[in-house]
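Copied over from Swiss-Prot, here are the features:
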DISULFID  386-463  disulfide bond
CARBOHYD  94  N-linked glycosylation site
CARBOHYD  168  N-linked glycosylation site
MOD_RES   251  phosphoserine
TOPO_DOM  24-43  topological domain 'Extracellular'
TOPO_DOM  65-71  topological domain 'Cytoplasmic'
TOPO_DOM  93-97  topological domain 'Extracellular'
TOPO_DOM  119-137  topological domain 'Cytoplasmic'
TOPO_DOM  159-220  topological domain 'Extracellular'
TOPO_DOM  242-292  topological domain 'Cytoplasmic'
TOPO_DOM  314-335  topological domain 'Extracellular'
TOPO_DOM  381-396  topological domain 'Extracellular'
TOPO_DOM  418-427  topological domain 'Cytoplasmic'
TOPO_DOM  449-469  topological domain 'Extracellular'
TRANSMEM  3-23  transmembrane segment
TRANSMEM  44-64  transmembrane segment
TRANSMEM  72-92  transmembrane segment
TRANSMEM  98-118  transmembrane segment
TRANSMEM  138-158  transmembrane segment
TRANSMEM  221-241  transmembrane segment
TRANSMEM  293-313  transmembrane segment
TRANSMEM  336-356  transmembrane segment
TRANSMEM  360-380  transmembrane segment
TRANSMEM  397-417  transmembrane segment
TRANSMEM  428-448  transmembrane segment
């Protein structure tokens with residue numbers, strides 16, 4: 001029974017951000033098909049931030065009309081909308097419309113808004129729902145949330161999305177007549193070498209290497225259908241969770257009085273969740289921990305500020321510059337950093353399950369350590385296309401390790417802060433979700449002008465780099 005509950009909670013948590021994470025990992029294929037090209041990530045950033053209207057409305061309703069807000073029907077609606085939108089996405093993602101003297105992916109952007117609305121609102125609905133379950137299930141939820149990034153990345157890896165190769169490109173004068181390809185052709189242009197060399201008065205063609213994306217193993221249609229299956233699994237998992245006995249909704253900590261012996265059970269209070277039910281003491285005692293939940297306003301302010309800061313780094317600022325910081329070291333280093341940093345998220349959640357530490361001092365120090373790794377990643381992005389140790393194996397190892405440790409440290413902090421707030425109240429988890437979205441919004445708004453307006457970062461073509469020794 002316990003394994004089933006952990007599995008259901010994990011699948012439920014996976015549905016929190018699986019669709020938007022899927023869009024990001026599919027971008028290398030989408031930018032080649034849609035008219036926005038490489039401006040598409042900028043459009044996605046704006047659309048996703050506009051979707052924060054969802055969590056804003058939920059938070060305001062909770063504050064002004066708490067009695068009329070129930071997260072269960074909202075979650076069912078979100079998961080249903082997300083599943084249907086993914087299915088529609090699979091068939092309309094490449095549909096364009098003529099707007100303002102040009103073709104634009106209006107259907108893509110509108111559907112992206114609905115997917116982002118689902119994922120953003122999940123932060124202020126999924127977490128409060130988890131207050132109905134014992135605390136140890138919250139860690140499993142964060143493991144599932146980490147898998148929401150890992151599973152789409154693995155599907156994209158199997159698809160071949162984002163894989164590049166170096167292609168030899170030959171440039172010749174416009175006056176050269178259109179050649180007919182023969183067996184002696186250049187790799188990219190199909191220009192016969194014999195024909196070019198035979199033309200009088202012509203200079204030798206110039207050749208250079210460029211990065212080109214490899215063809216995908218299956219289309220975006222299949223990818224989005226797989227995303228819809230993941231969302232449907234999340235919907236089914238939540239439905240089954242609702243069908244479990246009500247005794248699972250009562251946290252063991254809510255049933256036991258800290259001031260009496262472990263086997264003394266206090267009477268149920270009016271604000272306890274669900275009717276009284278039997279709880280297996282052997283299971284409950286194994287997860288019982290000494291509470292260290294801070295109650296003073298200064299501690300709460302520190303926790304919510306740290307939640308917003310950590311999510312600003314992990315969701316808003318650093319993802320915007322990952323390609324700039326890694327691609328200069330080559331495609332292998334980039335794919336290792338991108339994949340392993342995603343894997344580090346659920347692994348850090350698992351570590352927090354077996355090695356929990358609720359000390360705010362420890363979490364603060366770990367946040368500083370993760371921020372230092374993030375600072376190194378940001379510095380390498382600013383120095384692109386010629387960062388430190390470019391062309392040396394040590395630089396590749398450092399950038400991959402830095403991204404993995406950045407993701408792992410801050411993921412652990414996020415999980416433990418959620419556990420601390422869960423022990424306070426359901427409202428604390430809702431405000432935790434609001435802080436998550438606020439931090440992500442501020443991070444994205446800060447990076448958008450730096451990347452797209454001021455253009456402080458320069459992209460690197462690893463196949464054609466000219467850096468000083």
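Placement of Cβ uses the backbone N, Cα and C atoms for every residue, glycine included.
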Residue among the disulfide-bonded residues 386, 463 whose Cβ has the most other Cβ atoms within 10 Å: 463
Which same-chain residues, if any, lie at least 6 apart from residue 94 (N-linked glycosylation site) yet have Cβ under 8 Å of it: 33, 34, 105, 108, 220
Secondary structure content, the topological domain 'Cytoplasmic' (119-137) (per DSSP, counts of residues): 11 helix, 0 strand, 8 coil
Residue distribution over DSSP helix, strand and coil in the topological domain 'Extracellular' (314-335): 21 helix, 0 strand, 1 coil
Cβ pairs under 8 Å between the transmembrane segment (397-417) and the transmembrane segment (98-118), at least three: no
Stretch contact, the transmembrane segment (428-448) with the transmembrane segment (221-241), Cβ-Cβ under 8 Å, 3+ pairs: no
Top Cβ-contact partner of the transmembrane segment (98-118) among 3-23, 72-92, 138-158, 221-241, 336-356 (pairs under 8 Å): 72-92
Pairwise Cα distance for residue 168 (N-linked glycosylation site)/residue 463 (disulfide bond) [Å, integer]: 9
Dominant neighbour of the transmembrane segment (138-158) in 221-241, 293-313, 336-356, 360-380, by Cβ pairs under 8 Å: 336-356
Same-chain residue ranges lying at least 6 outside the transmembrane segment (72-92) that approach it to Cβ under 8 Å: 15, 19, 58, 107-108, 111, 114-115, 117-119, 121-122, 125-126, 129, 220-222, 224-225, 227-228, 231-232, 234-235, 238-239, 242
Distal contacts, the transmembrane segment (360-380) - CB-CB under 8 A, six or more residues away: 294, 299, 302-303, 306, 309-310, 313, 317-318, 321-322, 324-326, 328, 387-388, 398-399, 402-403, 405-406, 408-410, 412-413, 416-417, 420
Distal contacts, the topological domain 'Extracellular' (314-335) - CB-CB under 8 A, six or more residues away: 24, 45, 157, 162-164, 211, 341, 374, 377-378, 380-382, 384-387, 390, 395-396, 399-400, 403, 406-407, 410-411, 414, 436, 439-448, 451, 457-460, 462, 465
Mapped DSSP class for residue 94 (N-linked glycosylation site), helix or strand or coil: coil
Same-chain residue ranges lying at least 6 outside the topological domain 'Cytoplasmic' (65-71) that approach it to Cβ under 8 Å: 58, 125-126, 128-129
